[in-house]
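What TrEMBL annotates here:
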type: TRANSMEM; residues: 24-46; note: transmembrane segment
type: TRANSMEM; residues: 58-81; note: transmembrane segment
type: TRANSMEM; residues: 93-111; note: transmembrane segment
type: TRANSMEM; residues: 157-178; note: transmembrane segment
type: TRANSMEM; residues: 215-234; note: transmembrane segment
type: TRANSMEM; residues: 254-274; note: transmembrane segment
type: REGION; residues: 501-521; note: region 'Disordered'
type: COMPBIAS; residues: 506-521; note: compositional bias 'Polar residues'
Amino acid sequence: MDMPRVITIYNLPPSPARWDRVGIFYLIFCVLWTLLVLSGMTFCWANRNNPLLRLRGLVLSFSAIVLLHLYWILGQIVYPVGPTIPIVLAYDIQYFFMGIWFPLGIALFHASNSRLLHVAKLQKKYSSAGLRDQFNTTQPYNSWLCRFKGLEYTKKVLVLTGIGMVVQVVLTVGMWLACRKYHPTYGIPGTEIKSQTLPEQIVELGRGWEWWPSVLWQVVWTWMVAPFLIWRSWNIHDTMGWRVQTIGCCLSRIHVSIFLLEIFAVFVPAFQVIKQRILVKRVENLNMDWYSTSSTSTLRELNDLRRGSSVATRLGDKGGYESSDQELKDTLLTISAFNYTLNSNPGPLQDFSALNDFSGENISFLTEVTRWKISWRAEPDEADVRDAYNAGLDIYANFISPRDAEFPLNLGSADLKYMEKMFEKAARETFGQADVHPALPFETTTSLESAPASAREKPTYTGIVPAEFGPAIFDSIEHHIKHLVLTNTWPKFVKEMQSRRRSVETTRSGHSGSSETSIVSQLSGKMSKLFYHMG
């Protein structure tokens, strides 16, 4: 008489799929959320040239999201589909996903989050203090550490991640090969399943020393790297929702919630893009209305507002606080107010754009072009033209060239081709060949911190100056960047300055006057102080 076969984890037959209400719910929820995430990623990728998204580095972010989302899908289909897979194979899949796939996704995810710190650090050079303290390093460039620091950010991240993952893969695969409970025919003796009953064997299959690399990675990324990123990001007050996104992603990672991570990593940037489009449309419509008036009357009104007289008059006519305050805000959002600030005192706007909006290259470019235009003589000789060309070449290399500029301006293809026709040959002869692909912004191979002393000496171009070179070559780009700043950075700057002024005056004044005259006086002084602060 044959003995009944003992059921173990190695001969346990698969079970049918669970297509009950719970299983169907998991499957439908998985499909709907996946489609929603793909829609958000498609929207962000379609708008990847938007300044809000160019800085974020969507390649790293989306790579992490794809890896983690596939891991999330695996978790969602365990209930309906999991029983159809042999149990040892199911634990093999779980082991390699937890040991390799999941840690790689988390590594790329935190690398994407750390980009905020990287961009914020580089943008400091465009602030007032940064412009004074540029190129203050004396490290030798031939050291391997400086060469590594000189790599562009994405390559540096991939190198570190690659080294870590090689170690992780070796440990994970090596431990799997050594552990006989996954394959009874080979492995280190003593690592096989020791339990006798099926429930105990299943529990033992999911536990053991071979899981510790995955656990260690999760502890490092979740409880060391994530809190560090939160701490470093806390005092970065940007206008793009990037800090909120980074902190939210780190917190969701601490909570081990891929669902929340995807909300912060995909839908927060998408919401910021939509919000920016609404703001751009409002500013454009407002300026179209103001274009109907002459520039003379506009400047006269701005000067009146700065002295506070016009505000008092209008408030006396309209008799209300909100209408006058909104009217002043609309006045500040016009191109005339922007030009007034840019020409009279661009320092606060420069600092705000660099430290808060991460677009300091735009204001710096506008101020440099203004100085460059002023330097032209009425009747320049050949030496003057060559000096102007070298100064223009510096502007091209620092702000326009995708191969040389650390933060290239966001230009159209026509403007970029014209600038390359004017300066690219001279730039290559003067600065040498760059190893940066033109399609990848912010990816310079020599950072400011690691450049050698010889590379920081200002070179001079001595070749032929193009015949079409003249004072107006930057006019088209200047107009484009002004419009970009006017519709993006400038409204945020105005809002921030008004918010600061309102906060200061709220703390100073315990109560408002009861008469209309006292209100007029307060508002007149308020607007005057605001323009004084901005101008």
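Placed from the backbone N, Cα and C atoms, the Cβ positions cover glycine too.
With a cut-off of 8 Å on Cβ pairs spaced 6 or more residues apart, the transmembrane segment (93-111) and the transmembrane segment (215-234) reach 3 or more such pairs and are scored as touching. For the transmembrane segment (254-274), the residues of the chain that approach it from at least six positions outside its boundaries are 33, 37, 40-41, 43-44, 47, 50, 52-53, 56, 61, 64-65, 68-69, 71-72, 109, 112, 222-223, 226-227, 240-241, 244-245, 248, judged by C-beta separation under 8 angstroms.
Non-local neighbours of the transmembrane segment (157-178) in the same chain are 60, 92, 95-96, 99-100, 103-104, 107-108, 111, 114, 148, 151, 186-188, 191, 209-210, 213-214, 217; each lies 6+ residues outside the stretch with a CB under 8 Å from one of its CB atoms.
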